[in-house]
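*Asks:* My structure is below; once you've seen it, I'll send some questions.
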Amino acid sequence: MKFVLLFGVFLVTLFSYSSAEMLDDFGQADEDELLSLIEKEEARAKECTPRFYDCSHDRHSCCRSELFKDVCTCFYPEGGDNEVCTCQQPKHLKYMEKAADKAKKFGGKIKKWFG
């Protein structure tokens, strides 16, 4: 019985030591990965295409508005044969942003009344 108890304590100690080392390794890897993702996001944010500008070179480069990312929309101008692509905000997303803004303002008023 003493042998089983001693062996159990040894296994628990070994397991806790190995899991602590693994967590330290994962924590360091997560921090490094997070920093690299932030750097990539900052670099990508500088290269976005503003609304109503040409996005034919990269159709996924449109900038974000407050809540949603603009969409690269392509069309043929009247009487033209060349396709034109610009970053635009779809109407349904525009209305959703307006509704969210009004809800935010209304929430601020309620908070003022009861806060």
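Even glycines carry a Cβ here, placed using N, Cα and C.
So Swiss-Prot has the following annotated:
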DISULFID  Cys48-Cys63  disulfide bond
DISULFID  Cys55-Cys72  disulfide bond
DISULFID  Cys62-Cys87  disulfide bond
DISULFID  Cys74-Cys85  disulfide bond
SIGNAL    1-20  signal peptide
*Asks:* How long is the line from the C-alpha of Cys55 (disulfide bond) to the C-alpha of Cys85 (disulfide bond), rounded to the nearest angstrom?
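*Replies:* One finds 6 Å between the Cα atoms of these residues.
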*Asks:* For Cys48 (disulfide bond), which of these disulfide-bonded residues sit within 10 Å, Cα to Cα: Cys62, Cys72, Cys74, Cys85?
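*Replies:* So far as Cα distances go, the disulfide-bonded residues lying within 10 Å of Cys48 (disulfide bond) are Cys62.
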*Asks:* In terms of DSSP three-state secondary structure, what is the assignment for Cys62 (disulfide bond)?
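*Replies:* The three-state answer is strand.
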*Asks:* Check the DSSP secondary structure of Cys55 (disulfide bond), expressed as helix, strand or coil.
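*Replies:* Once the DSSP labels are grouped into three classes, Cys55 (disulfide bond) ends up as coil.
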*Asks:* Tell me, which disulfide-bonded residues from Cys74, Cys85, Cys87 are within 10 Å of Cys63 (disulfide bond) if we use the C-alpha atoms?
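*Replies:* Matched disulfide-bonded residues: Cys87, sequence order.
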*Asks:* How far is it from Cys87 (disulfide bond) to Cys72 (disulfide bond), counting Cα to Cα, in Å?
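*Replies:* It is 4 Å, counting Cα to Cα.
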